[in-house]
Amino acid sequence: MAAEGLQDLADKAAAEAAGAKPADRGAAEAAPGVGRHEVEAVNKAEARPLYASRPSIHPKRATGIFRNVKWVVMAVTLGIYYLLPWVRWDRGPNAPDQAVLLDFPNRKFYFFFIEIWPQEVYYITGLLILAALALFLVTSIAGRVWCGYTCPQTVWTDLMIAIERFVEGDRNARIRLDKQRWNGEKILKRSLKHFLWLMVGVVTGGAFVFYFRDAPTLAMEFLTLDAPFIAWLFVGIFAATTYLLGGLAREQVCTYMCPWPRIQGAMFDEHSLLVSYRAWRGEPRGPHRKGEPWEGRGDCIDCKQCVVVCPAGIDIRDGAQLECIQCALCIDACNEIMDRIGRPRNLIAYDTHAGLATGKATRLSQVPYVRARTVVYAAAIAVVAVIMAFTLATRDTMSLNVLRERNPLFVTLSDGSIRNTYTLKIINKLHRPAEFRVSVSGVEGATIALGGHEGDTLTVPADDLLDARLFVAAPNPGREVSDLEVRLEEIGGERSATYETTFRGPER
């Protein structure tokens, strides 16, 4: 309690430093032993001009279950982002061993045992569709939990605020530092904070470029200053954007730049769980004096702890707002105060509009999670996932494409026969070379020759594409267009492919 008393004294001092009017003891405390913050929400739930200068938001440190969940999520997501490029995955001697790699020079995307070729970009499209549907489903059930816990903007902003708090102190200390004249202490703290922010940006940019090239090799090139210019460029771009968006812009990205707050309204219904203030229990609000009965008044003592911990600078008591990212830190702050004044927890809690309308607390077990909206989203996710899994499991490890030369359409040889020229594009998706035999059918008496290859066989390198010229000659077929089938069979294997094209001759 001694620490809490000191914190309350600091809160009062900060309020006076911020220009709060002197008040008596009853007004300075929301309840015995609980300081009352003289603060207004930066982002108020009322009509505002299209542009307004941004007051600084200094979120107070929160403690509780939701804050702990956010710490865990931040550690896991940042750990995955920074460490995943270093994870190895053995694909054989002719393939890279980085588990996740976007190999632009070779036009391939590796994700553990999955290898995506340019012709299979629809898998990326399917993955994006799955992610969007999953976001719709989660939002319809639990509101903007993506924004509050796993959105990259939220994760990196949390990290930047943690660094700021480590260097400059908690909310009151940061407010005092803001108002303090520039001196050695302020210069040192601000310089250290911005230096650490920039270092986070550099590490973030470095981790990003590691996804596009072998991480150990590129890291050594950075250390020896031999890395290509494009790598340095993207590290600089991501360092700058991380510093600007996570360190300086913060909640403004969510409020002004991100379209999701506007879209998410279409995802909600009366049974969506949202961080909500239970006005039926909290009103009428006001400071509570020692010995004053609780009958005839609400449980909200107007301490504004929910406001000072909010990273978006809103007052959750004003109801659902565009700026709210549902991080639930206001729940932790309010529960701590309820414990201190001996009132039941969850004055602020995850609740539904339907539950709030009843004037009773809604338990999570009472929420109808299975309803038309969620069933549609879940069914769509299942359909897309099954289609993607089936196509991945049954996709071919080779492909054949045949392009007929159009200029000239055909050549008449000295013996009167007709020759057409084709370009074969053969993809071998296995991590070993493969030998194939080429044959044609459909044109009587047709013979073939492969440019640059002997006989009717050719070898395709491991995990590669081969272009080969195919010459097909045949006696004059007597018609302008004939159907021609090109067949490719693996020698010593079971793979084969066919391609339907045409054989052109002179007009009759």
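Yeah, the Cβs are placed from backbone N, Cα and C, and that goes for glycine too.
Here the domain '4Fe-4S ferredoxin-type' (291-319) has long-range neighbours at 30-31, 34-37, 39-46, 55, 57-62, 157-158, 161, 171, 250-251, 254-255, 275-277, 279, 281-285, 325, 327, 329-330, 332-334, 336-338, 341, 343-344, 347-348, meaning same-chain residues at least 6 beyond its ends whose C-beta is under 8 angstroms from one of its own. Annotation comment: TrEMBL describes 291-319 as domain '4Fe-4S ferredoxin-type'.
Panel annotation: around the transmembrane segment (69-87), residues 98-101, 148-150, 152, 155, 158-159, 203-204, 207, 210-211, 215-216, 327, 329 of the same chain, lying at least six beyond its termini, place a Cβ under 8 Å from a Cβ of the stretch. Residues or ranges marked as transmembrane segment in TrEMBL: 69-87 (among others).
The transmembrane segment annotation in TrEMBL covers 121-142 (among others). Through the fold, the transmembrane segment (121-142) approaches residues 109, 114, 264, 267-269, 272-273, 326, 350, 369, 373-374, 377-378, 380-381, 384-385, 387-388, 391-392 of its own chain, all at least 6 residues removed from its boundaries and within a Cβ separation under 8 Å.
The annotation transmembrane segment is assigned in TrEMBL to 195-213 (among others).
The transmembrane segment feature in TrEMBL is assigned to 229-249 (among others).
Sequence annotations record features per position, and here TrEMBL assigns transmembrane segment to 374-393 (among others).
Taken together, the residues of the domain '4Fe-4S ferredoxin-type' (291-319) have an average pLDDT of 91.
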